[in-house]
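Engineer: Quick one: structure below, then a few questions.
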Amino acid sequence: MAGQQFQYDDSGNTFFYFLTSFVGLIVIPATYYLWPRDQNAEQLRLKSLRRVHGRCLWYRLRLMKSQQSIVPTLKKAALLFGWAVFLLLAYKVSKLDREYQEYNPYEVLHLEAGASVAEIKKQYRVLSLKHHPDKGGDEAMFMKLAKAYSALTNEEARDNWEKYGNPDGPRVTSFGIALPAWIVDQKNSMLVLLVYGLAFMVILPVVVGTWWYRSIRYSGDQILINTTQLFMHFMYKTPTMNMKRLVMVLTAAFEFDPRSNKEAIIRPTDNIEVPQLIRELGNINVKKKEPPFCYPYSLKARVLLLTHLARMDVSENVEEDQRFVVKKCPALLQEMINVGCQLTMMATSRGGLRAPRLTSIENCMKLSQMVLQGLQEAKSPLLQLPHFEEEHLRYCISKKYKVRTLQDLVSLKDSDRRNMLRFLGEEKYDEVIAVLGSFPCINMETKLQVLDDEDSNKVTAGSIVTVTVTLTRKRMSEMFEKEDAPIPTEETNAEEVQGDAKNKTKVWQNKNKGAKKAAKSKKKKLTKKKPVTQQQAKGDKAKHPNGNVAGNDDAAASKVEEDDLSDKGSESDEAEGNKDSPSERDEESDKQSDTEVDEIAGDDEEEWEALQQSIQRRERALLETKSKVTHPVYSLYFPEEKQEWWWLYIADRKEQTLVSMPNHVCTLKDTEEVELKFPAPSKTGNYQYSVILRSDSFMGLDQIKPLKLEVHEAKAMMDNHPQWDIPETEEEEDDQEDSDGIEESEEDEEDND
């Protein structure tokens, strides 16, 4: 067996192959992921949004950043340098001599494969005279010629060449290590050892440890775990949290503390500028000594957030810190909502714990809207539009127009709208209409079911109820043409619910009263016309040998029905005598039973299809990852581009509790279907819930839809199912068959013997 030999690459050729492959594995993926996207596409996108979002703060900052940023240029330069190194190494490798080539004696003698012996001798003679060392030729070339001639003329050498690829027989297998020899040279041993120890014993542990220490401080939503614990403490401590208290808890987050977050900055000028802003704001609970509300970072963040909501002008340094605080607020509020949901679930499952009230969670949602729009809670939603100021609202809330919401403004006729907004010029008016037309208008449809149950439309105590909500997004501009159509709002929905409930109760009461009066009058007439005597009852008993009283009642009832038909002018007694024969009645009853069976089968098929569709929808939801890029939010004072998202949940507004956990709908671009699940109450009765849709970005676009739930008693569990009941006769027959079989087998054995 051939030997093996390991050696370092003294020439360094193998190392270039390794280096080229290593650089290629880095440069090619880095180019795919890090190469700056087409700047023209971003410019075109911003240009298309300019008409609507041109005045937004985030739009102006994005436009300035795209024009002034040098990061794309640096990325391109670094990637081009990497490609230059890669191409240089590839060119170096292509120029290297191949050390391991297949030996071919015909190529050495410049002959074609399969040449005759005479041609080989003739060619060898010519080349040997040319390259002979005594005649000034190349000695190495002469040795190659002799070896090739021997391989083609000597039988043993030819066999070795054909078997092993070498006339001399099998060679030693050599493995080259793709490292240059100077790395293992004794002179450089200390330097190599130092670099190795520095890289793998110092740099690598420090990098991994730093990454691990930073990652364990954050939750999955990149919120500090200390902040989550802070929110949980105060939401449990204060179940009913008003807006002022909520702002204090929000700004106490550790994201604003320079000791926990290096992005947060405490400036020397804060001691001068922050007290001035406090005097302008008024009462913001500065003297509160409860930690961490009294800490400087918390007080500064609270002041900056309140100045943002009041739309106050601040200096450049304060404005930079204000943008940092405002950017963090939506994610922190979402974390606060998640904490409230966790506490609610814990209180529901364990009991004895105080769950946050519904108002606390809804205040978090309202505060998110306020932060995005830079408005205080009591301000009009019309101030979200451009060119609207406080003094302009008096034109809107006048007795003539009474416009208080965005929906009221959309529902106006164009002439009335233009007359009301006469304080705006033509350009400003067109901009207001364009912005108003870009606002969302959501159509919400609900469907209540109990999946995986025999009767999906019947809610039983303790069952899992699934409410499928279909959300369809349209623009307000589509409602300008349909001015008579009502636009869904929270207030109109609530009024419609109350009005419908009143109307329904009145109609229901009137119907019942009329029905009761009619029933009483009919009973009186029937009793006066044909009273039932004891003799008739005895005669009926005599006719029926079994003497069933129920038969008498049925007969009396049939007589009463006949009298009713006669009073109403129905068929006469003669027509009664011409009724169908018993065979025809049987056929009709069979047809009716067949149709009922078909209807039941059709209902079962519909339920089965609905169940399959829901399963397929869940599978698609698990497999598909929809983009969270929906529609950019119009926000005049928010410093970062925000996508339009929604909260959808079911609540009991009377008890101020959550029924289903809020679902953060982040993929509503055109149409979205969301399933909300919750356990039905354990007691039977009628329950009034509300399906609530709230925006996390716009004020005044929330919707509330009623959800009536009628809970029935759950079916009793069957201890012994019929399919497991085996009659005793069958067991006896089986035993007899077994015994007969055993006897027959014994008789057969005796016969065989």
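Each residue, glycine too, has its Cβ placed from N, Cα and C.
From TrEMBL, here are the annotated features:
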- 513-531: compositional bias 'Basic residues' (COMPBIAS)
- 546-557: compositional bias 'Low complexity' (COMPBIAS)
- 566-594: compositional bias 'Basic and acidic residues' (COMPBIAS)
- 595-609: compositional bias 'Acidic residues' (COMPBIAS)
- 727-753: compositional bias 'Acidic residues' (COMPBIAS)
- 104-165: domain 'J' (DOMAIN)
- 480-612: region 'Disordered' (REGION)
- 720-753: region 'Disordered' (REGION)
- 15-35: transmembrane segment (TRANSMEM)
- 70-91: transmembrane segment (TRANSMEM)
- 190-213: transmembrane segment (TRANSMEM)
Engineer: For the transmembrane segment (70-91), give me same-chain residues lying six or more residues beyond its boundaries with a C-beta closer than 8 angstroms to one of its C-beta atoms, as numbers and ranges.
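Structural biologist: Contacts of the transmembrane segment (70-91) (Cβ under 8 Å, skipping residues fewer than 6 from its ends): 16, 19-20, 23-24, 26-27, 30-31, 34-36, 39.
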Engineer: In this predicted model, what is the average pLDDT of the domain 'J' (104-165)?
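Structural biologist: Mean per-residue confidence for the domain 'J' (104-165): 80 out of 100.
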Engineer: Run through the domain 'J' (104-165) and tell me, per DSSP, how many residues are helix, strand and coil.
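Structural biologist: With helix first, then strand, then coil, the domain 'J' (104-165) has 47 helix, 0 strand, 15 coil.
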